[in-house]
Amino acid sequence: MGCFGSPTSKQSDVNSEDSKSQKRRSDAISRQLQKDKQLYRATHRLLLLGAGESGKSTIVKQMRILHVDGFSDSEKKQKIDDIKKNIRDAILTITGAMSTLNPPVALEKKENEPRVEYIQDYASSPDFNYPPEFYEHTEELWKDKGVLQTYERSNEYQLIDCAKYFLDRVSTIKNPNYTPNEQDILRCRVLTSGIFETRFQVDKVNFHMFDVGGQRDERRKWIQCFNDVTAIIFVTACSSYNMVLREDPTQNRLRESLDLFKSIWNNRWLRTISIILFLNKQDLLAEKIKAGKSKLSEYFSEFNKYQTPIDTGDAIMESNDDPEVIRAKYFIRDEFLRISTASGDGKHYCYPHFTCAVDTENIKRVFNDCRDIIQRMHLRQYELL
């Protein structure tokens, strides 16, 4: 008779193979977890914080332009509706404010009154489809001195920053073959609600940037992003010194930003996380200071006695900069630094930079300057420095 293995022996072989297979799977999972852990630890996580309309989302767009593949033609075309909405919101807001300002503003040309009626009566409809006459009325109104005077008083009501930019470009945007350029994409205003993550790589270093809505009712979501953050990039609109919040017309926007920065700086969960401070919208700040219509001292009396520091720190003073503009931007910088130096615990630091988020070269230079700072923060985070 032939020899046959016993049932017990066969079962033992099967169990042995199962055990080996399970071990191989376990080892593979362990290796993958180790790789994931290494990748996680090698990734710089940047949290963009700041009050609403400070320019955070524009910074994210710049990262896409500089470090990803920018925006495809199809993505650009998808922004056309948002850009048209920016034009509609701008002309609706400006013409609507003419009668509510104190003192009110009258149209220069009486024949433009039907145009205003059209804008207010029809363009305000949610299903408005932007017929050719809308652009014609908008272009003619934008030439009216009364409308322009109302625009110049935009700190007295709520108007998007990109209003002038897009109203100046109506003749281009109304073209059926129009495709937005990068500057159009950068300036297009869309309210950020929720948390948006952008991933990119610079010199083989991985970055994850989280953009969170800055309006008051969005800030409760911030706590979800605080875990394992390498650094916070706090963005403030320096040009907002003469403006009030959309959600609270009694609160100055720049003071709100200072209060928000203080609450983040002193947050007990963030006491070891340094902040890179983007003092944004320097172009708009310079325009306002040079125009002289809204003096910084009228909103911040401390500015009257402020002297520009001899040591200008990390910013480059251009030879053609207006001395009053220089004094204004350093005053705002020092208001934030006064908060960051008050604690003096040495556990985290504030690194200020003057920025113009719609200027790609400026953001490229500033972010390159920040990379070494971010790397040091990352090494310190994992106790490698």
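Each residue, glycine too, has its Cβ placed from N, Cα and C.
What Swiss-Prot says about this one:
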type	residues	note
BINDING	50-57, 186-192, 211-215, 280-283, ALA357	GTP binding site
COMPBIAS	1-14	compositional bias 'Polar residues'
COMPBIAS	17-31	compositional bias 'Basic and acidic residues'
DOMAIN	42-385	domain 'G-alpha'
LIPID	GLY2	N-palmitoyl glycine
LIPID	CYS3	S-palmitoyl cysteine
REGION	1-31	region 'Disordered'
REGION	45-58	region 'G1 motif'
REGION	184-192	region 'G2 motif'
REGION	207-216	region 'G3 motif'
REGION	276-283	region 'G4 motif'
REGION	355-360	region 'G5 motif'
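Broken down by DSSP into helix, strand and coil, the region 'G2 motif' (184-192) contains 4 helix, 0 strand, 5 coil.
Remark: the region 'G4 motif' (276-283) makes no contact with the region 'G2 motif' (184-192), by the rule of 3 or more CB pairs under 8 A.
The list of residues near the region 'G1 motif' (45-58) in space but at least 6 beyond its ends in sequence, with Cβ under 8 angstroms from a Cβ of it, reads 160-161, 186-187, 189-190, 192, 196, 207-216, 218, 222, 225-226, 228-237, 240, 245-247, 253, 256-257, 260, 264, 278, 280-281, 355, 357-358, 374. Secondary structure counts, DSSP: the region 'G1 motif' (45-58) has 3 helix, 5 strand, 6 coil. Take the binding-site residues LEU186, VAL190, VAL212, ALA357: by the count of other Cβ atoms within 10 Å of each Cβ, the lowest one is VAL190.
ALA357 (GTP binding site) carries neither a helix nor a strand DSSP state and counts as coil.
Note: ASN280 (GTP binding site) has non-local neighbours SER54, GLY55, VAL235, THR236, ALA237, CYS238, THR355, CYS356, ALA357, i.e. same-chain residues 6+ apart with C-beta under 8 A of its own C-beta. The Cβ neighbour count for GLY50 (GTP binding site), using a 10 Å radius and every protein chain shown, is 25. Other Cβ atoms within 10 Å of the Cβ of SER54 (GTP binding site) number 26 in total over all chains. Within the model, the region 'G4 motif' (276-283) shows a mean pLDDT value of 98, rounded to a whole number.
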